[in-house]
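**Student:** Please find one structure pasted underneath; my questions will follow.
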Amino acid sequence: MTVRNIASICNMGTNASALEKDIGPEQFPINEHYFGLVNFGNTCYCNSVLQALYFCRPFRENVLAYKVQQKKKENLLTCLADLFHSIATQKKKVGVIPPKKFISRLRKENDLFDNYMQQDAHEFLNYLLNTVADILQEERKQEKQNGRLKNNGTAIATDTEPEQNKIDPTWVHEIFQGTLTNETRCLNCETVSSKDEDFLDLSVDVEQNTSITHCLRDFSNTETLCSEYKYYCEMCCSKQEAQKRMRVKKLPMILALHLKRFKYMEQLHRYTKLSYRVVFPLELRLFNTSGDAVNLDRMYDLVAVVVHCGSGPNRGHYITIVKSHGFWLLFDDDIVEKIDAQAIEEFYGLTSDISKNSESGYILFYQSRE
């Protein structure tokens, strides 16, 4: 255990008692726990995402429900379930937990994370959600195959076998998956073709002094395909000028928005951070939806923000702010603090292009209202 980890545990009592005092005994939510996570050497990218996901209630509830199922072989999901269960069943309301088992499993499963370097929180989120979904789908596939076997081990032939081989969406998809529709209109024959594409999170470009609504509008701006970028129209049987646009067709239960704050600079031969000020509201409604979108009036509430602190992707630090039972908390590895809602503005970014460290919202989690 490192000196930093020992110090984390030594400071646990001080931080915990201060947090309980800030929240107040009468206001402290029943059956809720606020636990920091020990940093095992530049694992703040992991800690910040885990805290955000823990406070996405539908995700937490499904992970905890997975924990109570029959004993399974260790994988990333079982380790995640053990960690969430450990937090949720603590006798104390606040404190610090070392996610050692989860980090060890993560490093075993993916070489990208098997080091002590700073990693990208968005890459980790993407990897985690896809891995959990893959594990669930593989388990369901095995269950279906086992269900088609007779007691003597021979397969039962059924007319519905192709249907049984079809992979159903998992609870990861039910929570985070939305659908984009890519519409292309030929400017010669006016034929519109569309192609759907599923997503677990949306990555949007950022500009200086804008808002999330502006970023999403830009994401869905109409683009003209001309010159060498002409579109091959099936109806015209030739390349034609066309207009292309992206719309949201299916709105997810939880919308994860990734702000593309790291840009490769050719002259520097490296990625640099765009610390632009991008306002993210506490409430969000999407306006870049397709005409046939389901629940197009869905209102979202901000529940968590992964914040990048520093000047570049491979240096700096990640923290998380979450909303829990009407108030806001800041998780900085082992430290947990209650913050005012007004303090969220500090994480919008910088109003000027001055090259200095900034604390900027990087991944936003919006949960839809019932």
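Even glycines carry a Cβ here, placed using N, Cα and C.
The structure displayed is predicted, hence computed values, not measured ones.
Annotations for this protein, taken from Swiss-Prot, read as follows:
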type: DOMAIN; residues: 35-369; note: domain 'USP'
type: ACT_SITE; residues: C44; note: active site, nucleophile
type: BINDING; residues: C186, C189, C233, C236; note: Zn(2+) binding site
type: ACT_SITE; residues: H317; note: active site, proton acceptor
**Student:** Any idea what the Cα distance is from C233 (Zn(2+) binding site) over to H317 (active site, proton acceptor), rounded to a whole Å?
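**Tutor:** A Cα-Cα distance of 48 Å.
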**Student:** Based on Cβ atoms within 10 Å, give me the single least packed residue among the recorded positions C44, C236, H317.
**Tutor:** C236
**Student:** Using the recorded Zn(2+) site (C186, C189, C233, C236) as reference, state which further residues of the same chain have their Cβ within 8 Å of the centre of those residues' Cβ atoms, listed in sequence order.
**Tutor:** L187, N188, E190, T191, E234, M235, S238, Q240, A242
**Student:** In whole Å, how far does the CA atom of C236 (Zn(2+) binding site) lie from that of C44 (active site, nucleophile)?
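**Tutor:** Counting only the Cα atoms, the answer is 53 Å.
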**Student:** Would you kindly give the Cα-Cα distance separating C44 (active site, nucleophile) and H317 (active site, proton acceptor), rounded to the nearest Å?
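**Tutor:** H317 (active site, proton acceptor) and C44 (active site, nucleophile) have their Cα atoms 7 Å apart.
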**Student:** Only counting partners 6 or more residues apart, tell me which same-chain residues put their Cβ under 8 Å from the Cβ of C186 (Zn(2+) binding site).
**Tutor:** V192, S193, Y231, C233, M235, C236, Q240, A242
**Student:** Can you tell me how many other Cβ atoms are located within 10 Å of the Cβ belonging to C189 (Zn(2+) binding site)?
**Tutor:** 13
